[in-house]
Amino acid sequence: MDDTLFQLKFTAKQLEKLAKKAEKDSKAEQAKVKKALQQKNVECARVYAENAIRKKNEGVNWLRMASRVDAVASKVQTAVTMKGVTKNMAQVTKALDKALSAMDLQKVSAVMDRFEQQVQNLDVHTSVMEDSVSSATTLTTPQEQVDSLIVQIAEENGLEVLDQLSQLPEGASAVGESSVRSQEDQLSRRLAALRN
């Protein structure tokens, strides 16, 4: 399982490198477009522009694939963690069986306490891993941050995108934020329960 996790992370890194290379190639093609236009060679500029767009799309596709592989790696990491917790719970269950067969109430009570602690730890691990997996996917990226980054880049380059951003559905970011807050509150309560 650890080998699989390593391979997934390695593959994600390779895909990210391919995305960066495609982006670099796209910028090189854009420079060729500029040069061709300066030389009044519109036909060559059009070919270079097509290449630039193709390379840019290729880079975005590599990046999407890298994100998906990274999400799978997070799920495998969750499985590895859950395997360890499950093993610990199995050991506690065996100890409980032994204590019950001996009918020593103190041992039974001690084992039950350990078992309850393992169950609470499992809940916390599950919650944390689910949060990390959901944050690894691009679907849970806060829309407000995405919009802010787009506006920042547009302002730096003198581009107009505010009209396009205003066409997004209202409340797109609020749903993600309330979901994250409720998960954080739930996790905080569980952590407080573990401390007590």
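Each Cβ is built from the backbone N, Cα and C atoms, and glycine gets one as well.
Model, not experiment: these values are computed from the prediction.
Feature annotation from Swiss-Prot assigns coiled coil to 5-42, 102-124; the stated evidence is sequence analysis. According to Swiss-Prot, the N-acetylmethionine annotation covers MET1. As annotated by Swiss-Prot, phosphoserine applies to SER101, SER173. Residues or ranges marked as motif 'MIT-interacting motif' by Swiss-Prot: 185-195.
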Euclidean distance between Cα atoms of SER101 (phosphoserine) and MET1 (N-acetylmethionine), Å: 36
The residue listed as 'N-acetylmethionine': tally of other CB atoms within 10 A of its CB: 10
Tertiary neighbours of SER101 (phosphoserine) (same chain, Cβ under 8 Å, six or more apart): none
